Each structure stands twice: as C-alpha cells, then as structure tokens.
Amino acid sequence: VEMEKQVVDGLREVFQSGRSRPLQYRKQQLGALHRLITEHQEDIEQALKQDLNRNTYNTSLFELISIENDIKLAESEMADWAAPRPVKKNLNSALDDVYIKPEPLGVVLIIGTWNYPWAMILQPLVGAIAAGNAAVLKPSELSEHSARLMKELLPLYLDKEMYQVVTGGVPETQELLRQRFDHIFYTGSSAVGKLVMEAAARHLTPVTLELGGKSPCYVDKNCDIAVACRRITWGKFANCGQTCIAPDYILCEPSIQDRIVEEIQKTLLEFYQTDPKSSPDYCRIINTRHFDRVLALMNECTIALGGESDRSQCYIAPTVLKDVLPHFKIMQEEIFGPLLPIVTVNGLSEAIQFINAREKPLALYVFSSDKTVIKRMLAETSSGGVTVNDVLMHYTVDTLPFGGVGNSGMGRYHGKHTFDQLSHHRACLIKSFAMEGLNDARYPPLTAARLRKAKFFMQHRLCSCSGICVWAVIANLLAIGLLVALIVVLNVNILV
C-alpha cells in the first residue's frame, strides 16, 4: 500500500520541479523509448511468444511498428502540437493576445491489457511523454512475461524518477486507483472500466477508457464476398481472436450465409493450412480461465467450421458458427476469442435495427459495393470507429482518433490525439492597460447605451484576413472617440 503512494508522490514531486517542461527533455525520453524497442526487439518477441504463442512477424505487425510510428511522429510534430494555438477574436479583444496553450496535466496512470501488452501501454506513454507528463505504467499480470520484461527494461532507458512500472494483480491495481492522478488511461473490459471510472470520480480525475464490445460486421450480398471473407478471416482470427476491434459477429442475409462459410473455409486453409494448431501464425488463448469461458460460448450453437480445442495448450481452432440466434449466450458478451457467429437478417434495415438495439460498439464493419448501403449504415448507426470493406485498418491511420462511444469507451488517442487527450488546453487572454475607455461599457453605472455598446463589441468577430490593418483602424477610431465612424467602416466590410 505504502509503495504505490510513494511512487505517485515521488513522480508528482519531480514533475512539479518542471523537469519535463522543456521539449528537448521530452524528445530525449522519446528517443530512449525508441532505443528500448529496437535494442530489445528479440526479448519482446520472446516474451510474447511465451504469453500468447505469437511469432516474430505478428509481434512487429500488430505492436512494434505502431509504437515506432507514434514515436517518430511525436518527435517530428511535438513542437507544433505544444505551440500556442491562436483563436479568432471579437472586437472586445481585438488588441489582445488570445490563444490556447497546451500544458502537461501532471501524473498519468496508464493501465494496459494483456492481448497487446506492449502497444496498449507504450502508445499512450508516447503521448504522455510528448505532452510533458510523468507516468505510472501498470501492465496486465496475465501477460506476465511481458509485464516482467517491461518493469526490467524501462528504468534502463527512461528517467525512472518520471516514469515507473508497477506490476502485480488486482490488489496492486486497486491500490493505485486509490491514489490521486491527473489522468487515468485504461484499456480493457467495460466491467473493469466502470470500476476505474468510479475510483477516478473520488478525486475528480478525468479518464480515457478504451474498452471493447461486440463489433458487428455487415456483409451485403452486393459485394466481393471472396475478398470480404479473406479480410474478415484475417481480422477475426489474428491473435486468436483476442483483439478489441476484431469483428465479433457477421450479419448477412440467409441467401449468402453458406457462401460466406465456404469462402472463410478456403481462407483458413490458405492462412493456417490443414492444422491451425501447428501453424506458426496461429496464437493461443491467454490462460485456461479464458479458454473455459470462450469454449462455453459455443453451447447451443451449430458449428460450421472448426470447433476443435486442447485445454492443455489453451488452443481453440478458428471456428465459424452459423444460424446463431440473438438470444444465444455468445451474443450476450464480447467473445474475445476465435469464434465467429453468423446471424442472419432480412436486409439492410433489419441489420441497422439489430445494431442499434445493442450497446454502441468500438468498431463497425460494412462490406458492400453499393454506395447507398454504405451511406445508410454510416448515417443510421453509431460506433467508436468504422471501416468499410475491410477490418481493423482504421486503427493504423494515426491521424484518425481511436476510441469508443458509450459502452465501448470514452476519449481518443493515436498521434496528435493522444497528445491532446493528455494535455490541458489552457485558455489564455493577455490584455494591455491601454484603451481603458472601451471598458466603460461594462463598468457601473450601467445604462441602456452602455449595454448596447458592450453587446456590439462582444458580438462582432473580426475577420481572419488583413488582421494588422484591422487593428490599426480600430486603434485610430477609438483614439479619437469616433464610434460612429467605426460603424461606418463595419458597414463597408472592412470589419465583420
């Protein structure tokens, strides 16, 4: 208990010394983080092999490349992100400096998850460092080899007085949540997300919750079904289905259900050959508890493909389930495993109704060659993100905000969005002592004439063009007290 408090108090003291304010310090820390990734890539790959049976190529594809990209982007763009951001003014503030200044929040808690234990911690950390914050990292205890390695490596590269890793299970996480942070960034389940938000509320701490949910995948009969199934198969069974934005279930018309099963079967053979269990590209369920949970979801379902399992290896084959009904257990919770249910609907309108009757998902996928179908699906549903005619790929575009809505989370990150999420956007107004006569409109004794004057100056915005000329005109007019002349100038469109 005392250890967690000491960690947070120590980080806060160093943060308040101003150490992380200079951009050069932040760049140095980002460079060190990049060296950690590149110099210990083999160690990270080995840890993930032990945690999830993930091979070298999948580790680079699904975790390391995205971390490196975020670091490089932050290094090159951070000065622009952190610079004051001018805003439009009204007449009342025409001669003043008015801008938004991003500033560090303070000490940030980043709680990661086990399915992508490096990316889900280090990508938020990149934004935290770029924004000038101190950070406590809490990796998941379920991916124990990755957690242990992260705790070992991070102090060798980063400033350990500003960035610390706390390992352990539920008790350690609960104790961390009792401390006061300036922001909490949590990735994981909706159930735990509610507990995190409840704990944060005690200190009025803002939160970013990257949760999950049942991400639907609508396959229209008017599309290239072979290509659609190839992409869906990749996105669903990568990491053994343990991806928060994996397509959770397919919605399609009954007439194409068997075709979809057939195309997925062909793709599975291409990806993992006849025995996925021996394929170097096929991962494992994280532990036996999750293995038992996922396997139980198949009860009452009709298996169209796969279904084999081996508890001793936490192996569940890529499995497709057809004719799944909405009340089945598998449709009541996020699957987070290699089971793909197919639910049949009678057309687009019924698919939209099905999606909208449930919690808002983290991702929505639509496969169609019909622009009307795509437009309706985008216009009539809500989700954290959406990808049309592919899956997962919106996550890879760092200019797009990644995050949920409603039950699938709140807040957003990736690239500049992480910087903004972990910064305070401070409103700044710097006035001079000049032009005090202008302030008569707000000083007592208030009169109808003064109120009209105040309303005029507060409601009229300055145009964004020819700014310097505008200020000069205003200054001259105010200096000789010719408000009437100012109104004439306004009427000839020098000011708006």
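All residue numbers here begin at 1 and follow the chain in the order shown.
Heads up, the Cβ atoms here are built off N, Cα and C, so glycines get one too.
According to TrEMBL, the features are:
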- 10-424: domain 'Aldehyde dehydrogenase' (DOMAIN)
- Glu210: active site (ACT_SITE)
- Cys244: active site (ACT_SITE)
- 470-492: transmembrane segment (TRANSMEM)
Just jot down the residues in the same chain as Glu210 (active site), at least 6 apart in sequence, with C-beta under 8 A of its C-beta; none if empty.
Met120, Phe185, Tyr186, Thr187, Gly188, Cys244, Phe402, Gly403, Gly404, Gly409, Gly411, Tyr413
Across the domain 'Aldehyde dehydrogenase' (10-424), average pLDDT on the 0 to 100 scale:
97
If you draw a 10 Å sphere around the Cβ of Cys244 (active site), how many other Cβ atoms fall inside it, taking every protein chain shown into account?
26
